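As recorded in TrEMBL, the features of this protein are as follows:
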TRANSMEM  B:12-33  transmembrane segment
TRANSMEM  B:45-63  transmembrane segment
TRANSMEM  B:70-88  transmembrane segment
TRANSMEM  B:94-117  transmembrane segment
TRANSMEM  B:124-148  transmembrane segment
TRANSMEM  B:160-182  transmembrane segment
TRANSMEM  B:208-230  transmembrane segment
TRANSMEM  B:242-263  transmembrane segment
TRANSMEM  B:270-290  transmembrane segment
TRANSMEM  B:296-318  transmembrane segment
Amino acid sequence: MTHDALLSAQGIDKSFFGVKVLDGVDFSLRGGEIHALLGENGAGKSTLVKILTGAYRRDAGAMWLDGQEVEPRSVAEAQALGIGTVYQEVNLLDNLTVAENLYLGRQPRRMGMIDRRRMRGDAATLLARYGVGADPDETLAHYPVAVRQIIAIARAVDLSGKVLFLDEPTASLDAREVQALFTVLRQLRAQGLGIVIITHFLDQVYQIADRVTVLRNGRMVGSRAIAELPRRDLVAMMLGRELAEATAHRGSGATQPDTPAAFLFEGYGKRGSIAPFDLDIRPGEVVGIAGLLGSGRTETARLMFGIDRPDSGQAAVDGQPVTLHSPQDAIGHGFGMCPEERKTDGIVGDLSVRQNIVLALQASRGWARPIPRREADALAERYIKALDIRPPDPNRPIKFLSGGNQQKAILARWLATDPRLLILDEPTRGIDIGAHAEIINLIEKLREDGMALVVISSEIEELVAFSTRVIVLSDRHHVRELRGAEITAEAIVEAMAVPGDAA
Amino acid sequence: MTKLKQLRPQLLALAVVLVLIGLISPGFFSVTVQNGRLYGSLIDVGVRVAPVALLAIGMTLVIATKGIDLSVGAVMAITGAVAATLVADGHSVPVVLAVSLALGLVCGIWNGVLVAFLDIQPIIATLILMVAGRGIAQLITGGVILTFNDPAFSFIGSGAVLGIPMPILIWLAMGLAVGLLVRRSALGLLIEAVGINRRASMLVGVRARFLILATYAISGLCAAMAGMIVTADIHGADANNAGLWLELDAILAVVIGGTSLAGGRFSITASLIGALIIQALNTGILMSGWPPEFNLIVKAVVIVAILTLQSPAVADELSVLRGMLRRKGAKS
Ligand SMILES: Nc1ncnc2c1ncn2[C@@H]1O[C@H](COP(=O)(O)OP(=O)(O)OP(=O)(O)O)[C@@H](O)[C@H]1O
Ligand SMILES: [Mg+2]
């Protein structure tokens, strides 16, 4: 055993329902290093983190911290040992304030009473490090995922004396915040902390990590210094095969079809949410939506799908004016939408994968017309296969699937309704690089089949790859529309920086 | 419907409770036929459980949506009072049934509107009718115990068809009807989806408000039936005591049946078994001849035991233990 390691684990086993998801995994982390934990969706990364941080019990194996054998039985015990964690599904309390979330269980006290003033001040300073100006007294429910993510990270960083685990911390952050986070991580590394980061963005791995450990199907494939591991070899380690990476980074080449616009939004807006915009979408095109966080991307989607009500403008489908005042209205006109927040807005945790896949279709058919079991089975089987959802068990409650596989099931849910217009808010979030390419291919294929798509994404390369048009948002305004050859990563980034009211 | 395997814990608990009672009072299982009607303690359990069983049917659906209906006892009192008044005034049985059921439905819809459309927390929303309802019932009866003598109406409470007492037939039929309604249609799935994640369900177009309203309406209907059975049984309406605290027994039945108060997956059959367990305990303790002070304590102890065995934390510990034993076995 390498006792010079800060944290090490050996022979970790874990089974769920008799299926082994971790099989004799060894792991070792040194002080003062940033260690990337990589692998496909369902490889067992999150499970390993949960075991090392006391959230799950292991079936076998042992772990050491500073050469001492330790056995954290709960997240609190792990924290007491100096291990801080941000889990993949961020666990914060929506109805508490930002400051309370940051200091829950360890509020600063004065004469036995909680010192609110100091807590607020500390919270503001803490968040400023990440360039987030959240109001410490506002309830958390007010803030979008990205801000919550940062709050969770700030809390964990503050808690971790020795080791910090971050499970896909950058999934919902944009470039600016990722850089702010990385700056903080580098400082922590210099202070001698050991940091484990899980991500599906290989660029980030090469930017920040010193070493990588790769898991595949619950087994450890290997652990290497990043400097001596070319990208191709790393991908091969993760997938167990080579990936033809050719599809990405190239424009789709598809141009706007000259069919009439089937979906039309004119002067559509909502005060305080998104300034009035015009948007027309044709069957057979992919409209990409780019913009920094808080630029109004998700708000645009919510308005189009009837989750929020517009206070100006009108919408038309096939030339007929329509009211979109609820998701039901929108679904009735053939819309579908995969939301950004998978856990709160997407999955219905206790229902099975099959029930989750048929849910949207069932809702549109109404309660009196149940989908026959045989049809539900066929749908589930089809999409589990088409999207390679793992494990391919339609009866498994969806909450037991890994994050990336849940994302695929939500996508399947909407594909099953065969929508005319599909709005995807961050469809590749948390998806591994193999599946990432498949989802991009899927978007292309849906477009070729004549579906209209609106895709919101923080990954600019990806937008360039599949969009026929890109709308760029800034400060809650639609500032720029790029077409055909204009669609390049540089042009998008440039437009994103334009202040919104200049448009 | 629900697979037998999923009902195992509840069936097991019921069996254990029955066996224990059998040990204390050996006469418990004897069933006789008199005048073409079944008699015996076991049959008595089936009859006495009727109000709680009926309430538990509606309560299961309400709880599955993450709600709770505290008003069912009061609704029993209201419908019982109205039924007694109508019967005493000489109205025919079909009229009495129709009016009382409609009234229960209206009470349920009232709760449903408060919860689903005004977004009032279920516990508060139904507390309103729980408190006000008993007052309404007293106004109807004029503050006295209203009695009547109408064999046709009393048949609901004390009659029998093919030797089986009416109350048993009524709760069985209602359980079957509601069970088939929710499981043969998509109602069950959609109710579960709303209970587990209302936001996500609304985003896929599930009519969550309508579904929630429907569950409270069904609960009101069930309470009306329970109210009539009690009224028919005692040949009168007692606005102060009809259905008193029964909402708590109904909630307990649902919880023993394994439906979580956090909403989601539910089983009406399991709730009915839960109601039977509670009633078997009541009857068994009564028959044992122990001083009545013991009743509540024994009941509480047994219920705590059942709930402990069902708790996920205990299940987790047990499975860890099993895993350790297995590994030990494999090594040696
Ligand atoms: N609580 C659980 N119960 C049952 N199975 C589980 C549970 N948690 C995870 N699993 C299963 O364990 C396997 C590993 O899941 P894990 O979440 O660790 O994957 P991951 O590597 O983090 O994937 P992703 O990149 O998609 O987040 C998956 O097959 C998953 O379905
Ligand atoms: Mg994960």
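A Cβ is built for glycine as well, from the same backbone N, Cα and C atoms used for every other residue.
Annotations in TrEMBL come from automatic prediction, not curation.
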Is it the case that the transmembrane segment (B:12-33) and the transmembrane segment (B:94-117) touch, counting contact as three or more CB pairs under 8 Å in which the residues of each pair are 6 or more positions apart?
no
Please work out which recorded stretch in B:45-63, B:70-88, B:124-148, B:160-182, B:296-318 has the most C-beta pairs separated by under 8 angstroms from the transmembrane segment (B:270-290)?
B:45-63
Check for me, if you would, whether the transmembrane segment (B:160-182) reaches the transmembrane segment (B:45-63) - at least 3 Cβ pairs under 8 Å, residues 6 or more apart in sequence.
yes
In the same chain, which residue numbers or ranges, 6 or more beyond the ends of the transmembrane segment (B:208-230), come under 8 angstroms Cβ to Cβ?
50-52, 54-55, 57-59, 61-62, 64-65, 67, 69, 71-73, 75-80, 83, 96-97, 100-101, 103-109, 111-113, 115-117, 126, 156-157, 166-167, 170, 174, 178, 187, 190-191, 194, 198, 201-202, 242-243, 246
